Amino acid sequence: MEHTENKARIPRKGILNNEYFFEKKLGTGGYGAVYLAKNKKTGNYVAIKAIQKLKVKDYESFVTEMNILRGLDHPNIYKLYETWETDRICFLSTEYCKGGELFYFIVKQDAKHLTEEEAALIMRQGFSALKYLHENNICHRDIKPENFLLYKDKKPDNIKLIDFGLAKKLSENEIMSNPNGTAYYIAPEVLKGEYTVKCDVWSMGVVLYIMLCGRPPFKGKSNPDIISSVLKGEYHFDYPAFESASEEVKDFISKCLEMDVDQRMSAAEAYDHPWIQMQWKKEEQDLTIPEDVPDSILEFMNAVNFKKTTLTFLASRIPEDQIENLRKAFIKIDKNGDGVLSKEELVEGVSAVPKCDIDPEDWDLVIQLMDTNNSGSIDYTEFIAGCMQSYVYLKENNLKQAFEYFDKDGNGTITLEELKESLCSDDLLLDEEEIEDIIKQIDKNQDGMIDYKEFLEMMKSNDKMKGLIDP
């Protein structure tokens, strides 16, 4: 899958107070604050980051960061929903992760560190995200426990990588030189001014070490002392917490904290390491693929184009607690952990579901219709859109959210121009002729617009697309 970065876009104007209740402040950073907000119409919660423009030294780089994030689609990378701006402040709406930072999850434990099983669960997700980023030539450059959020409380089985402020989109084989990162987690080659995406792997090794014993491998009373320790690359497993640690996890850490970059594991090699895979086999046993997934795929195949587009929009916006079973199904099907599904992975996973009625000869068509961005594989959002059950997308709040997204002026109808604005300039790309066909298909009273009743009829229908599959 090739990462596609959108062209630079200025965040849209708007008044957030018209759309959200701001319930509380979640935190404060160098550029501004993060708030918990509730959408007035849907009741869904989001995290809204308010960034003061004057505090952003390089606004162009900031816009680049937003465009990198817009193009990412992975279950362990947090979603950017929308952006707004005023003269002084830029607002970012992202998914809300109520479990908070991984750092606080660690320190809240009675032992001040995690079990090996918990650590492996986190590492598998983290390295899946890194494998996805690195395969798309993106380096995060600021991996640390504070930049992983738990989607829910108590169990770290759904973590999200956040904060792409230092991330960089690389050209093929590009070597980076500007030192970036946080002292405890920074790789030695970064300090020397010549590094690659493997600096993220080093940082993950430091995170794992801290998770297992509650202490950093490289210490010092000041940043210069810490940096000096990092450059020496000396650490030990002498803490009591490591007495019961397996040899496999120690081997894993040593291959992350390898001073020789050429000998250090890649993110893909880390994901495939026996320690990760041994724990993953235990975890995978609890994951299932819902029995209604094949039927949902068939319904998606039969749907008119605008319904497919609407489902794709909803898949990118619906809170994950509504689609938790599909998130787990995606993870189970994604055998190599790269965050996308190949044809082979999708066919093998879905065909194993009891009473799967998808004809083996139709799988090429299934892939063609689900792969809406023509990447050659099925991205996370494409999978959710293609498998979303009707009891999810027909919830009133979800239907209203989708309709209001396309009804830009909020007058209760979707015009041709509004569809063009949504579908020609956003991530849900269709050409003008396809958009005109949408109006003709859905506009039952032939007034040239789509009202909510017509939209609802479309979403409830399973009309077949003529010529695509047999009735």
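The backbone N, Cα and C atoms fix where each Cβ goes, glycine too.
So that you can see what the record holds, here are the features copied from TrEMBL:
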DOMAIN    20-276  domain 'Protein kinase'
BINDING   Lys49  ATP binding site
DOMAIN    321-356  domain 'EF-hand'
DOMAIN    358-393  domain 'EF-hand'
DOMAIN    394-429  domain 'EF-hand'
DOMAIN    430-465  domain 'EF-hand'
| field | Residue numbers, six or more beyond the limits of the domain 'EF-hand' (430-465), whose CB comes under 8 Å of its CB atoms | value | 299, 301-307, 309-310, 393-394, 399, 403, 406, 412-416, 419-420, 423-424, 471
| field | Helix-strand-coil residue split for the domain 'EF-hand' (321-356), DSSP-based | value | 21 helix, 1 strand, 14 coil
| query | Using DSSP, how many residues of the domain 'EF-hand' (430-465) fall into helix, strand and coil, respectively? | reply | 20 helix, 2 strand, 14 coil
| field | Residues near Lys49 (ATP binding site) in space but at least six apart in sequence (CB under 8 A) | value | Gly32, Ala33, Val34, Tyr35, Phe91, Leu92, Thr94
| task | Summarise the domain 'EF-hand' (394-429) by DSSP state, stating how many residues are helix, strand and coil. | result | 21 helix, 2 strand, 13 coil
